[in-house]
Amino acid sequence: MDDDTKCVQITEAILARGINDITRWLTIEVLFSFLYGLLMLIGITGNGSVLIAFTKNRRLRSARNIFLLNLIITDLLLCVTAIPVTPWYALTKNWTFGALMCRLMPLSNSCSVFVTSWSLTAIAIDKFVHIMGPIRAPVSISQAGLVTAFIWVVSTMINIPYLMSYELVDGAYYVPNNTAPFCGLFCDEINWNGEMPRRLYGSSVVLLQFVIPLTIITYCYARILAKVASDMIIQNVQFSKSLSIAQREEATNRRKRVNYILIGMVIAFIGCWLPLTVVNMLKDFKLEPLFLLEQPFFWPLLAHVIAMSTVIWNPLLFFWLTKRKKAHTQMPRFSVSFNAFGTTISRISSMHRKSNAFRSTACMLNREPSSRNDMQKSHLRNGLTNSKNYLTIEAERLI
């Protein structure tokens, strides 16, 4: 608007409708600014540290790590788009980033969500195939690259309708003619031919972005947990007799750690994205409960900040997944931890190859005549006690 005296501030219009929008309170503004700023700082630092570790260490450039790197890139994309832009727009009620960003920002955000969910799914499938069928050839770097490219291309194509629906409009769009318009500019979904196309598209997005990936992830990790429970070394009588009490306790702790991590991955996925998904679905179908109608900005913004916490949980979760448990040791500084994270991934990969070779040797020994039973037992016992080799390898393989 050229003349601000002839327009109505959106905050005043909201109050006139009897809505006491608490996002205009200074306390709420400071709180969300702090939360988003913290997410942006930690997200860039954590994910950036992992990215630096990948670029500096050639041993980390494996097929399986490409999926992890894909997650890191999407997290960084969220850190420079959704995290700074969304709270600014929600708190100021005015779009100041131009017409191009009005379309590119929602596209980048939605693509990031799709790529994140399907990258987590690819990791779950890769772990499932690796653990359930260890004799199968591992995914190659080229195959992982093709899967990653496929995820990005499909995610972009799915979000084209979402891209085209957004348009930058002024406040006159929302009021009848001969009525004072709202002050400012707004980036909104206005290019839908009715409510039904928008609802169908929104439902399809939820299905592809949330329901299907979550179903696949849950199935894969449920089967992995069952495999861990049935095949863990501590339950194998042949090896259990060769373990000391300390080794048995360590195996039990490792088994619990695997379970906690796998369950934690599913919980993190649900916890981050479920609130925002539910809010969006309720708005699409106009089924908002009373508390959401009374605070139309606060609750969606709160759901969004929860979703954006994925930029913290993803690097921390995978650092926890790959690090060795060291009792009574001080945690290193944040940046150093993520450099150590990269080295640990490489070590686990090396251990898995040794584990396959060890199991092949054990199988060959089992085919020898019974006169070599003593030598077999001695060989297995030495393998278990030599730097906790077999115990460590077998437990780490299941991760």
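The backbone N, Cα and C atoms fix where each Cβ goes, and this holds for glycine too.
What TrEMBL says about this protein:
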TRANSMEM  34-54  transmembrane segment
DOMAIN    46-318  domain 'G-protein coupled receptors family 1 profile'
TRANSMEM  66-85  transmembrane segment
TRANSMEM  105-125  transmembrane segment
TRANSMEM  146-164  transmembrane segment
TRANSMEM  200-222  transmembrane segment
TRANSMEM  258-277  transmembrane segment
TRANSMEM  297-321  transmembrane segment
Per the Cβ filter (under 8 Å) with a sequence gap of at least 6 from its ends, the transmembrane segment (258-277) is approached by 113, 117, 120, 124, 206, 209-210, 213-214, 217-218, 221, 224-225, 228, 300, 302-304, 306-307, 309-310, 313-314, 317, 320-321, 395, 398-399
In the same chain, residues at least 6 away from the ends of the transmembrane segment (200-222) whose Cβ sits under 8 Å of its Cβ atoms read 110, 113-114, 117-118, 120-121, 124-125, 127-128, 158, 161-162, 192, 262-263, 265-266, 269-270, 273-274, 277, 280-281, 284
The average per-residue pLDDT within the domain 'G-protein coupled receptors family 1 profile' (46-318) comes out at 86
